[in-house]
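*Asks:* TrEMBL feature annotations, pasted as is:
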- B:69-86: transmembrane segment (TRANSMEM)
- B:98-118: transmembrane segment (TRANSMEM)
- B:124-144: transmembrane segment (TRANSMEM)
- B:156-176: transmembrane segment (TRANSMEM)
- B:182-199: transmembrane segment (TRANSMEM)
- B:206-227: transmembrane segment (TRANSMEM)
- B:247-275: transmembrane segment (TRANSMEM)
- B:287-309: transmembrane segment (TRANSMEM)
- B:315-333: transmembrane segment (TRANSMEM)
Amino acid sequence: MTALNLHHLAWSPLGHGHCHHQFQLRDASLRVGAGEFVGLIGPNGSGKTSLLRCAYRFSKPAAGEVLLDHQNVWKQSSRWCAQRIAVVLQEFPDAFGLRVDEVVAMGRTPHKGLFDGDTRHDRQLIEQALESVGLLGFEDHAFATLSGGEKQRVILARALAQQPQLLILDEPTNHLDPRYQLELLGLVKRLNIGTLASIHDLNLAAAFCDRLYVINHGQIVASGTPHEVLTAELLREVFGVEALIDTHPLSGYPRITWITQP
Amino acid sequence: MIDRRYALLLSALGGLLLISCVISLGFGSARVPVDVVWRILLHKALGIGEANWSAGQEHIVWLIRVPRMLLGALVGAGLALIGAVLQAVTRNPLADPHLLGVTSGATLGAVIVVLHVGEVIGLLTLPTAAFIGALLSMLVVLAVASRNGRLESDRLLLCGVAVSFVMMAVANLLLFMGDHRAASAVMFWMLGGLGLARWELLAIPTVTVLLGLVLLLGMARPLNALMSGEQTAVTLGLNARNVRLKVFLIASLMTGVLVSISGSIGFVGLMVPHIARRLVGAEHRRVLPVCVLLGSLFLVWVDVAARTLIAPEDLPIGVATAAIGGLFFIGLMRKR
């Protein structure tokens, strides 16, 4: 079964030679099993995005390796990778008036040669992807005119049209209303594809993730189930805030209540 | 995603272009009736019909206006195509074929030849010198813009603009200090004109534009992906830098060829892609053929205006494209 393994990754941003500790990675290891929803949490600048970029073969780690199905992704082409990993980023194709179905059709790119047209199979996949994010009937809407939540769902539909074995999401719930945050993560969870997502909102991470990794200063400092990871001590150490942790009265996952200083 | 509406639009534009090409041949300082134009065309191309027109009419239509019309259509198609793909890879809706620095390199080449070398290899001297200038300036832009083997679109555009300014400064300095009669000859070329068109000059631009169209249509999916951003392109399995470099090379070479024959004809490459996207959306497999047809159509008619407005003088077509295109664009923006 497909699994993603990151082994002892090190990476630092190019062109920032002088002691620039932000965004660095140091000896970071992480594993996503088949069908597992893994969350990555950590403060701003801790290296969440850097780690994800290494995982989807955008940034090449200075040391360590990224294994997908026991294959080193840097020994494979980016096309090979794109046929297996789909990524949802905050990069929206707003300019130039692309239509929703055109954006979703981009997901077929890694499966297509130079002059290949869209087959009936491709069109079915595009339709299914739109259906599963609840946007069937939006095909000929201009992408730029959609709301933030709809845009994020279109990008997810594009990822689904890619028929990935692994999904990577970078802050997928940013700027979304609570309803869309819950809908989007619930949708991803129901897909039962191995998923690695960086999530800002710790309560959302606790509610949806099977396992969590905590990253701080480029190092993985804790990992395990939400119950194991989300403790008052860890939140104090890593995020520098006081919190009350109890159990969600309805669902049983840990619930974080921030303690604000008056 | 070829649907019926799109097929209809494409054939309508194609038909309109064919009709325009024939009708446009009648216009100029000497009017030739359309039926005579039609009979001359049939006679020369297919050998049908009796020659009952004057030798002068035949000369004007077949040896001057037909190659000129064809060159206009080719240049319009090529510039629109280049503008569309450059706007996509740089994600900049203001990108234009002449921003790459190629045009100013061609201008400098042309200025040097006209002022200091003379027509050493006849009719081909000016286009050849212009093309060499275009190539050199493309290499300079590439060398300056690439850093650590990377080629970023922002740097590319900025370097193109910077190199353009330096080249134009040198060219203008040479013109300023040089012979004024030569200067006006160069001026005409700099403002753009199809006056150089001869049958024997058409082969190279024809091959260039057709080859460019095929190559860029083949890259339509990568172009779509790049339009939505560098990271997205990578996650879709593309080597973004590679695609961008290829597009830049194709665009520069095409611009070099077209500009060296027709001078710098502005606004077509900037404006036509936007109109095409309004008609059929931004997807490249759909928009590129429409750009080709619209670009041709536009330039064929602007050239008619250029050679009739102040007849018997030729108005520089670059002036006409800029004026007509700009006004048309303003109208379009206000209507929205």
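The backbone N, Cα and C atoms fix where each Cβ goes, and this holds for glycine too.
Give me the lay of the land around each of these features.
*Replies:* Long-range contacts of the transmembrane segment (B:69-86) within its own chain (CB-CB distance under 8 A, at least 6 residues past either end) are made by residues 17, 21, 24-25, 95-97, 99-100, 194, 196-197, 201-202, 205-206, 208-209, 212-213, 216, 219, 223, 247, 250-251, 254-255, 257-258, 261-262, 265, 268-273, 276, 284, 287-288, 291-300, 302-303, 317.
Away from its own ends, the transmembrane segment (B:98-118) comes close to residues 86, 125-126, 129-138, 140-141, 156-157, 159-165, 167-168, 170-171, 174-175, 178-179, 182-183, 185-186, 189-190, 248, 251-252, 255-256, 259-260, 264, 266, 269 of its chain (Cβ-Cβ under 8 Å, at least six residues beyond either end).
Distant neighbours of the transmembrane segment (B:124-144): 100-110, 112-114, 117-118, 151, 156, 159-160, 162-164, 167, 189, 196, 201, 248-249, 252-253, 255-257, 259-261; these residues of the same chain sit at least 6 beyond its ends, with a Cβ under 8 Å from one of its Cβ atoms.
For the transmembrane segment (B:206-227), the residues of the chain that approach it from at least six positions outside its boundaries are 70, 74, 77-78, 81-82, 85, 88-89, 91, 233, 236, 238, 240, 243-244, 246-247, 250, 253-254, 257-258, 282-285, 288-289, 292, judged by C-beta separation under 8 angstroms.
Proximity of distant same-chain residues to the transmembrane segment (B:247-275), defined by a Cβ-Cβ separation under 8 Å and at least 6 residues beyond the stretch ends, is recorded for 71, 74-76, 78-87, 89, 93-98, 100, 102-103, 105-107, 109-110, 126-131, 134-135, 138, 141-142, 151, 156, 188-194, 196-197, 201, 204-205, 208-209, 212, 215-216, 219, 223, 287, 291, 294-295, 298-299, 316-318, 321-322, 325-326, 328-329, 332.
A Cβ distance under 8 Å defines the sequence-distant neighbours of the transmembrane segment (B:287-309), meaning residues of its chain 6+ beyond its ends; these are 9-10, 13-14, 16-17, 20-21, 24, 27-29, 68-69, 72-81, 83-85, 193-194, 209, 213, 216-217, 220, 265, 268, 272-273, 275-277, 279-281, 315-317, 319-321, 324-325.
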